[in-house]
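Pulled from TrEMBL:
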- 36-285: domain 'G-protein coupled receptors family 1 profile' (DOMAIN)
- 20-43: transmembrane segment (TRANSMEM)
- 55-73: transmembrane segment (TRANSMEM)
- 93-115: transmembrane segment (TRANSMEM)
- 135-157: transmembrane segment (TRANSMEM)
- 200-221: transmembrane segment (TRANSMEM)
- 233-256: transmembrane segment (TRANSMEM)
- 268-287: transmembrane segment (TRANSMEM)
Amino acid sequence: MHFVSEFVLLGFPGQRKMQNFFFSLILVVYLLTLLGNGAIVCAVKWDRRLHTPMYIFLGNFAFLEIWYISSTVPNMLVNILSETKTISFTGCFIQFYFFFSLGTTECFFLSVMAYDRYLAICRPLNYPSIMTGKFCVMLVCVCWVSGFLCYPVPIVLISQLPFCGPNIIDHFVCDPGPLFALACIHAPFTELMRYTFNSIIIFGPFLSILGSYTLVLRAVLRVPSGAGRTKAFSTCGSHLMVVSLFYGTLMVMYVSPTSGNPAGMQKIITLVYSAVTLLLNPLIYSLRNKDMKDALKKVLGLKINQN
């Protein structure tokens, strides 16, 4: 049951000149993110040397990030230019569903990618027999399907709360925190379930990643060769940087108490993990990986330097 038919997303309030600045900045970030992640997807698809589990996971991860940023940024750009800045009740919860489902899928992919690196470094002799093509495809499917099956129940429960006004959300996305603040009744059970659910979704994969890399670190430190240790750290370094960027902002936003934080700070944190990190990820992965750099040069039509 609800009473309002639409919400107003305030976005980034300010003078028109500042609005135009935000529009241009976010549009550039969006286009560069599409270009970077699209190039990785094409590189993995077209370069047969990259048809291995590690790059298949990376290709799917890049494809996911294209959809993840597209679940919020196009609407954000329209909202900046709009005079009314409205989004329908149904549209708000559809955005909520896809934004959080894709974010959950990203958590699962980061966990699976860490497990893949654990097998490759800690169990290299068994790696080909464990991480077979069939098992790789199964893990990819599990990540996608489970990510989209997690949020229907919480979203249905929140959407059933009565929203009788006001309908102004001081954010640029339909986030559960501001939505709870607009409900006409206090719903402690639903809010506790949402908080618990978010904690499980975030900490489950995070602890899995932490466990994988703890074992990787132990194995790397036992490698007698300095060159071997450097190669192993280089292989995992890019993934750890992505995990740190994504999970750091995610935990601040959805696990730590943020009710006392100003709305502006919550917008900045959300913008970092939903847009800025997605722009940086292709750079992090491509700059630290020779095979990926070579494949990207082919995809972008650049000449490979024979140094």
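Positions of Cβ are set from backbone N, Cα and C atoms, glycine also.
Stretch with the largest number of CB pairs closer than 8 A to the transmembrane segment (93-115), among 20-43, 55-73, 135-157, 200-221, 268-287: 135-157. Confidence in the domain 'G-protein coupled receptors family 1 profile' (36-285), given as mean pLDDT, stands at 85.
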